[in-house]
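Heads up, the thing below is written out as structure tokens.
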Amino acid sequence: MSQTAKVLLINGPNLNLLGRREPGHYGHQTLTTIVDELTRNATQAGVTLEHIQSNAEYQLIDAIHATDAQFIIINPAAFTHTSVALRDAILGVAIPFIEVHLSNVHAREPFRHHSYFSDKALGVICGLGAQGYDFALQAAIKHLSDKH
């Protein structure tokens, strides 16, 4: 795989509160800890990992429009169930992506069961906590290496 392979990691609203927000659903790890570990794993695989977390939808859309990444890992958080604009941004750049959720959204409130992203995602990982991000990164690396 090329040394220039790049993955964009997108985290949506309220994920900046990981580690203290509803740890029963989201775990005790902070977003910084998760991203640091993923960055190390990506670097070891020869992949660059870029990360954005925002509570503002437009900032996530702008990051998608501006990226030169070949793969996206996205935890849209609450935007999962509401954001046609974020979905359209990903479809507009035609970059393959995996959707990740820390909690099992299907075992939670009914409004969390619908995703505007799942039908277009290469895959969806939910309910495995922070480990889901690592599985998504492994799948992204495999996908990128298969293409080269």
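Heads up, the Cβ atoms here are built off N, Cα and C, so glycines get one too.
For Tyr26, the entry in Swiss-Prot reads active site, proton acceptor.
Summarising the annotation, Swiss-Prot assigns active site, proton donor to His101 and lists sequence analysis as the type of evidence. DSSP assigns His101 (active site, proton donor) to a strand segment in the three-state reduction. Less than 8 angstroms from the CB of His101 (active site, proton donor) sit Asn75, Thr80, Val124, Ile125, Cys126, Gly127, Gly132, each of them six or more residues away in the same chain.
What Swiss-Prot lists as substrate binding site is Asn75, His81, Asp88, Leu102, Ser103, Arg112. For His81 (substrate binding site), the count of additional Cβ atoms within 10 Å of its Cβ stands at 16 [all protein chains shown].
Per Swiss-Prot, site 'Transition state stabilizer' is recorded for Arg21.
Of the binding-site residues Asn75, Ser103, Asn75 has the largest number of other Cβ atoms within 10 Å of its own Cβ. Ranking the binding-site residues Asp88, Leu102 by other CB atoms within 10 A of the CB puts Asp88 at the bottom.
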